[in-house]
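The active site, proton donor annotation in TrEMBL covers E156, E405. Among the features that TrEMBL reports, active site is placed at D301, E424. Sequence annotations record features per position, and here TrEMBL assigns Ca(2+) binding site to T510.
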Amino acid sequence: MFGRLGVLNAFLTYDTIDLRLTPGTQCRRKSESPYLRFFEDGGDEYAKKYSFFPEKLKAEMRGMARDMFYFGYENYMKYAFPEDELNPIDCQGRGPDVLNPSNININDVLGNYSLTLIDTLDTLLVLGNVSEFHRAVKLVIDTVSFDKDSTVQVFEANIRILGSLISAHILLTDSKQPFGNVGLEDYDNELLHLAHDLAVRLLPAFENTGTGIPYPRVNLKSGVPPDTINETCTAGAGSLLVEFGILSRLIGDSTFEWVARRAVKALWNLRSNETGLLGNVVNIQTGQWVGKQSGLGAGMDSFYEYLLKSYILFGEKEDYKMFKAAYESIHNHLRRGREACNEGEGDPPLYVNVNMFNGQIMNTWIDSLQAFFPGLQVLNGDVENAICLHAFYYAIWKRFGALPERYNWQLQAPDVLFYPLRPELVESTYLLYQATKNPFYLHVGMDILQSIEKYTKVRCGYATLHHVVDKSKEDRMESFFLSETCKYLYLLFDEDNPLHKSESKYIFTTEGHVVPIDKRFREKQWNDGELSDQDMTNVPHTNTSNCDRIPDERRYALPLKSVYMRQIDHMVGLS
């Protein structure tokens, strides 16, 4: 999933771990000249379409994103709560599929614990609705219990439930009060206690494994089911560190961070000696790779994301050392196309799926979860490559009005046709806009917003597209639509949001939950031994700034030259 994060103005100062990631801060312009002055051809179709975005239209889109959220949220509360999800076509609630325990598409996510309400808590604050946030928090405190006979995926419970409870707790108790005084009278850390209770119920997944890599699923009441498989995906097992780490540092118990970090290190130690790549499915008992595909999408996405975000949050240099090595391996073996994004000859840059042991292409499709990666590249300061990869996914969106779950770049056609309202493309759009302030990304956001409104809105919410070509629908609105898709769309058009104006620094989890970059998360109440300085030889100690990475004139022109935008459009069959 990605996947999914927040940044902004990614100034990475690795030696002091000073990441000026406050949303809304932007590179200072050295010139305030009109946009069109920098266009080589004032008559270019792309320049005409994307070079300007009026304030009135921005306000209209902000209102449209707000209305989209509330239409989904209010109908969930009316027709579905306290069940986990809303079926927006039939206007009914949806919970676990108790009649078919093998239906993991449903049961991995739904645990009979009011998932959508919990997952949405901090979005209410982002939209400025303190009173509804308070009401929702009280509902969670009064009605939610994890003492359920529900078997759920550890990864999904972690990012959707644990992450949201922690985020809401931190925002309720944050002395810096980015959203104003949102403290709740008589609040006694109940959300934190709920988070702790859930995490304890997830801990059995880490027991009795030969590698320290956790089982993929647990029953919240009884632990690991006896028939659970011994295979898990890299992202599922290696994307627990942010939430588990914050919980450990909030309550002073190292257990949760320790097991999550042990799993990351175990996966990392299984990477190929030849390529430095990891596979996508591993046997947790033997450490053998069951799935040898290495890519950026499903099964791997948030593993890379959390290596960098864990470093940002906790300041553990080992995390960045792993991320830097992984990023280099990705560019050495997955990246195809011309060397530079915005100059030279050749095909547009593209990241493909390869065999982890030899780097040979395994198939000719990419999946929609990979659209998170430009946002991660922004956070890492690699804005140029982010611009190119984002443009590729946007071109696919323009063609279909949605992102198919898998797209075959060789056949120029979808391999898997559904679109479940995923947030990854709009997340990367938001982060690129924060890094560049280029109006192009506001146009992209508007296209996404209008497409979702046109093709997925139904009687009681927004429905999954079953088929991106004929636009037929499935009766499901996943919780990440409100938690992430609507949140990033709203923030894209809300320049004055407190997250963008606050002097504090924030990042988003892979489920889009707001977390402050806070000194207290870099302090541990336990001593588990630090890496020595000699182990840190690959960690950079130089300052880098996005402001110096993009030529001045290109902050006002199209982020990608028109000739390359046209090339990418042609590549996906648009022209």
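Placed from the backbone N, Cα and C atoms, the Cβ positions cover glycine too.
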### Task
Could you round the CA separation between E156 (active site, proton donor) and E424 (active site) to a whole angstrom and send it over?
16
### Query
So for E156 (active site, proton donor), how many other CB atoms are inside 10 Å of its CB?
21
### Task
Taking only the Cα atoms, work out how far E424 (active site) lies from E405 (active site, proton donor), in Å, as a whole number.
11
### Query
Across all chains shown, how many C-beta atoms besides its own are within 10 angstroms of the C-beta of E405 (active site, proton donor)?
21
### Summary
Here the 10 Å Cβ neighbour count for D301 (active site) comes out at 29
#### Entry: Integer Cα-Cα distance in angstrom, D301 (active site) to E405 (active site, proton donor)
14
